[in-house]
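Student: As listed in TrEMBL for this protein:
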type	residues	note
SITE	Glu74	site 'Plays an important role in discriminating NADH against NADPH'
BINDING	Tyr224	substrate binding site
ACT_SITE	Tyr234	active site, proton donor
DOMAIN	322-385	domain 'Enoyl reductase FAD binding'
Amino acid sequence: MIIEPRTRGFICLTSHPTGCAQNVQNQIDYIRQRPTENGPKNVLVIGASTGFGLASRITSAYGSKASTIGVFFEKPPTKGRPASPGWYNSAAFEKQAHKDGLYAKSINGDAFSNEIKTQTLELIKEDLGKIDMLIYSLASPVRTHPDTGERFKSVLKPIGDTFTNNTVDFHTGEVKEISIEPSSDDDIENTIAVMGGEDWQMWIDLLKSENVLAEDFKTVAYSYIGPSLTEAVYRKGTIGAAKDDLEATAFKITDSLKEINGKGYVSVNKALVTQASSAIPVIPLYISLLYKVMKEEGLHEGCIEQIERLFNERLYAEDLQLDDAGRIRIDDWEMRDDIQAKVLKLWQEATTETLPNIGDLEGYKNDFFNLFGFNVDGVNYDKDVDEIVAIPGLQE
Ligand code: NAI
């Protein structure tokens, strides 16, 4: 079939297998040029199909030849209906990995559930014995608690006061003011239940109790801080409360892994266009200004550049360069004073009329469509493509 983008708000309902495969190939090529002896060998990535998780899987496999198991929640294709992009990404990754002699298998299902945890555990036992790294890169709007069956929904709201600021509809380029009402106490608790650290800890507890974590095991989850501009709705909002909980969990995990000298870390990453971040109000305007400034300064990075730097210059380097709160900071370039001062100045000037010049709206849009395999250089979108694509190492 011929597949074209069909968008609704901040989601795209279709995705393109060839474009997704090309994106994956570009990331593989980037890491291939930066091989290392000094990386993980047996890696479990939770949230492995898109964004930072996919980049972590590729960096592990192609940086230090790691065997990887990927867990994700993606929609398979049916006749006439393309899969979600993470499906095509994972298919492309595994196809290439197998060709290159790398072990790669995947599990598609709800990582919050006991069933998927048990299935993953069995696969580790059977195929890898032990893992030396677990990347926790889930971004989900909902979670059903595996023990109580309670369903939690996360929300993106400020805590305390109504938040009013500008945002952009990146499809139309319209800059307009939005107001978001403050959260209730339930909203905060629900968001912590979805995006906080409980599920990460559950994974670690299970894998530890079954003795599949290797000596010196490391685990990393991803967090975000961002500028004062977005603070009320992000870091000091409901999602920030969940990130506080996630960050606190890293220390608890380290404490619980003393016998094997295991370590839990949080890495604070840069703001990037992903399916998760395009859903957050205000962030698209911030990102389009940030991209402009960082590209001009030669400091722009995508997920793969960020994760390569995380692995090679922090996690597997001499010095993790932790901040005062014990976090790894690969948002260091985004948060530089000079970069933030420029973004803040542009923010005050940003209107529907000025944004195309002072911001990188085109870069934002392009990255958004790229997530779904569209607008990818070198792909012929007029060519008929088979929407039914299998993931070779997918476990049933
Ligand atoms: P993403 O939307 O690209 O990836 C989410 C992944 O989670 C996908 O692999 C998806 O299949 C998987 N997933 C979602 N629900 C699942 C479930 N129930 N069971 C199994 N898998 C599930 O998101 P992104 O942006 O890469 O986010 C990953 C982490 O990085 C999040 O914690 C996010 O807060 C953090 N982060 C994101 C930043 C950004 O600007 N995008 C910046 C800094 C941190």
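Backbone N, Cα and C atoms are what each Cβ position is placed from, and that goes for glycine too.
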Student: Where Glu74 (site 'Plays an important role in discriminating NADH against NADPH') and Tyr224 (substrate binding site) are concerned, what is their Cα separation in Å, rounded?
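Tutor: Approximately 24 Å lies between the Cα of Glu74 (site 'Plays an important role in discriminating NADH against NADPH') and that of Tyr224 (substrate binding site).
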Student: Tell me the coarse DSSP state (helix, strand, coil) of Glu74 (site 'Plays an important role in discriminating NADH against NADPH').
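Tutor: In three-state terms, Glu74 (site 'Plays an important role in discriminating NADH against NADPH') counts as coil.
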Student: For ligand 1, which among the recorded positions Glu74, Tyr224, Tyr234 have a CB under 6 Å from it?
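Tutor: Glu74, Tyr224, by Cβ distance under 6 Å.
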Student: Counting each residue once, how many in the domain 'Enoyl reductase FAD binding' (322-385) are helix, strand and coil under DSSP?
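Tutor: Helix/strand/coil tally for the domain 'Enoyl reductase FAD binding' (322-385): 28 helix, 2 strand, 34 coil.
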Student: Express the predicted model's confidence over the domain 'Enoyl reductase FAD binding' (322-385) as a mean pLDDT, rounded to an integer.
Tutor: 97
Student: Can you give me the Cα-Cα distance between the residue listed as 'active site, proton donor' and Tyr224 (substrate binding site) in Å, rounded to a whole number?
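Tutor: The residue listed as 'active site, proton donor' to Tyr224 (substrate binding site), Cα-Cα distance: 9 Å.
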Student: Far apart in sequence but close in space: which same-chain residues, 6 or more away, have a Cβ under 8 Å from the residue listed as 'substrate binding site'?
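Tutor: When sequence neighbours closer than 6 are ignored, the residue listed as 'substrate binding site' has Tyr234, Arg235, Lys243, Val268, Asn269, Ala271, Asp331 within Cβ distance under 8 Å.
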Student: So if I draw a 10 Å sphere around the Cβ of the residue listed as 'active site, proton donor', how many other Cβ atoms end up inside it?
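Tutor: There are 26 such Cβ atoms around the residue listed as 'active site, proton donor'.
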